[in-house]
Amino acid sequence: MPKVVSRSAVSSSTDAKPTASAAAALRVYYCICGEFILVIEKSLAALPRRRTDSAYIIRCRENETGKAVVFKLNASPCAAPVLVERSGVYERQYGFSCPRCNLLVGYQSTPWPVKSGPYLYILKGALTHAQGQVPKDALERLEANQEEPNSAT
Ligand SMILES: [Zn+2]
């Protein structure tokens, strides 16, 4: 039986101090209205972006480019998918919107529910890291798409 030296146990306990444990690294993102939308293991800023619309790309499944990103999305599926045309190529987007204010926050190219396809896209400027704070790129987004969602009156 190997002798367990208590000294090593002491030193290992200091080594084991969690510098970046999974729980501590979780990031939370909110809609501009303050609703909690996304909890994710890494910062949106660390994610790759789409060339077409600069949306953040969240990998839902492990594939040849890497491991799946751990996240949970708190958003409602939109009523119907949207067909988007980009230089002759059509893409069907299944959107997700904020459950409180209905603002579109992201989409995927496969039918709902979330994570049914390889990627989920989070719209640039849709989410903010700090509750009640407008993301830096939100105005850019409004300029790019002048159609502001009006509350039904
Ligand atoms: Zn909202």
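Positions of Cβ are set from backbone N, Cα and C atoms, glycine also.
According to TrEMBL, the protein has these features:
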DOMAIN    22-136  domain 'STEEP1'
Mean predicted confidence [pLDDT] for the domain 'STEEP1' (22-136): 92
DSSP helix/strand/coil residue counts for the domain 'STEEP1' (22-136): 7 helix, 47 strand, 61 coil
